[in-house]
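Pulled from Swiss-Prot, these are the features on record:
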type    : residues       : note
BINDING : 147-199        : ATP binding site
BINDING : GLU268, GLU282 : Mg(2+) 1 binding site
BINDING : GLU282, ASN284 : Mg(2+) 2 binding site
DOMAIN  : 121-315        : domain 'ATP-grasp'
Amino acid sequence: MNKYQTHWVEHSEVKILSTTGKKHIALVAGGMSAEREVSLVSSEGVSKALIELGYKVTFIDMGADIAVKLQEIKPDIVFNCLHGTYGEDGCLPGLLNIMRIPYTHSGVLSSALAFDKIHSRSWFLTNNINMAESIIVNKSDNIKSDPVKRPYVIKPLTQGSSIGVEVIFEEDDFNFADYNFPYGYQVIIEQYIKGRELQVAVLNGKALGALEIKLLKNRFYDYETKYTEGFAEHLCPAPLPTNLYEKLLVESEKIYKTMNCKGPARAEFILEEQTNKLYALEINTHPGMTPLSIVPEIAAYAGINFTNLIEEIIKTASFES
């Protein structure tokens with residue numbers, strides 16, 4: 001089995017991390033998605049912060065019986081530390097809405113929209129947010145040659161952490177006829193824009209700041225580069241002219257608000273080299289909380305340490321009526 005694919009797990013694993021506290025928080029992480037390992041790493045720091053803040057904490061590595069486990073432990077709040085399928089796509093928020101358990105991060109529609117690249121793109125364009133040109137290619141199209149002019153980007157519709165993303169450059173020995181659609185029957189083929197990778201942390205509707213990612217290895221910001229120390233350098237704050245930096249923050253807040261996000265989010269952009277034009281890539285409603293993650297780094301720059309960041313996220317916990 002490809003470790004970067006969703007796999008079905010019947011039973012959740014439950015571990016009590018702290019037996020007393022002001023409120024009982026279920027920290028749901030791991031799960032069945034391709035981003036399972038990232039979620040588990042994120043949960044390590046989150047669990048320590050929750051205990052430090054004085055909460056009773058139960059860790060749940062989510063399986064298909066998650067509803068049964070939640071009924072058994074009866075938490076006051078669920079901290080949704082999942083990434084990818086079943087957690088980031090709106091499934092867990094939907095369940096928690098039915099169970100009327102307050103939870104962190106965005107709700108059903110916001111999560112589902114942000115997770116699906118076709119629908120989020122339509123939403124962005126409807127709200128006059130600039131994006132790169134793209135087309136949708138179906139496996140059944142049986143395309144035998146490059147669907148667009150090189151260079152271009154192949155993106156699975158519903159994967160995060162750049163899993164399955166490929167950039168096809170002019171000189172690459174790549175035949176589209178051999179592409180096997182490993183993450184579903186559709187992909188987005190997007191115009192490759194050469195430029196500076198910029199990321200913005202947003203918390204409760206307010207942009208905390210922006211950083212630039214400078215690649216030290218690899219040709220683009222892929223899974224390996226994101227989660228391997230020494231593969232990329234983070235320039236925080238992003239070294240931009242004041243007017244451009246402010247525009248970046250305003251655009252991020254606009255995306256957050258139009259998508260009706262909740263709690264933390266991370267907006268991603270490319271600043272085209274030749275024109276200084278901003279192109280939105282996506283908004284991530286379940287940003288990582290690992291030692292190399294961007295939202296905690298920007299929050300620290302804004303004067304919010306990791307423990308206080310987790311406390312601010314907890315304050316936003318709610319369910320949708």
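Backbone N, Cα and C define each Cβ position, glycine as well.
Put simply, of the binding-site residues GLU268, GLU282, ASN284, the one whose Cα is nearest the Cα of ARG196 (ATP binding site) is GLU268. The sparsest Cβ neighbourhood within 10 Å, among the listed binding-site residues (PRO147, PRO182), is found at PRO182. Mean pLDDT across the domain 'ATP-grasp' (121-315) comes to 89 in this model. For the pair ASN175 (ATP binding site) and GLU282 (Mg(2+) 1 binding site), the C-alpha distance works out to 27 angstrom.
In the three-state DSSP assignment, the secondary structure recorded for PRO182 (ATP binding site) is coil.
According to DSSP, GLU268 (Mg(2+) 1 binding site) is assigned to a strand segment.
A separation of roughly 8 Å, to the nearest angstrom, links the Cα atoms of ASN284 (Mg(2+) 2 binding site) and GLU268 (Mg(2+) 1 binding site). Here the binding-site residues are ASN175, ASN284, and the one ringed by the most other CB atoms within 10 angstroms is ASN284.
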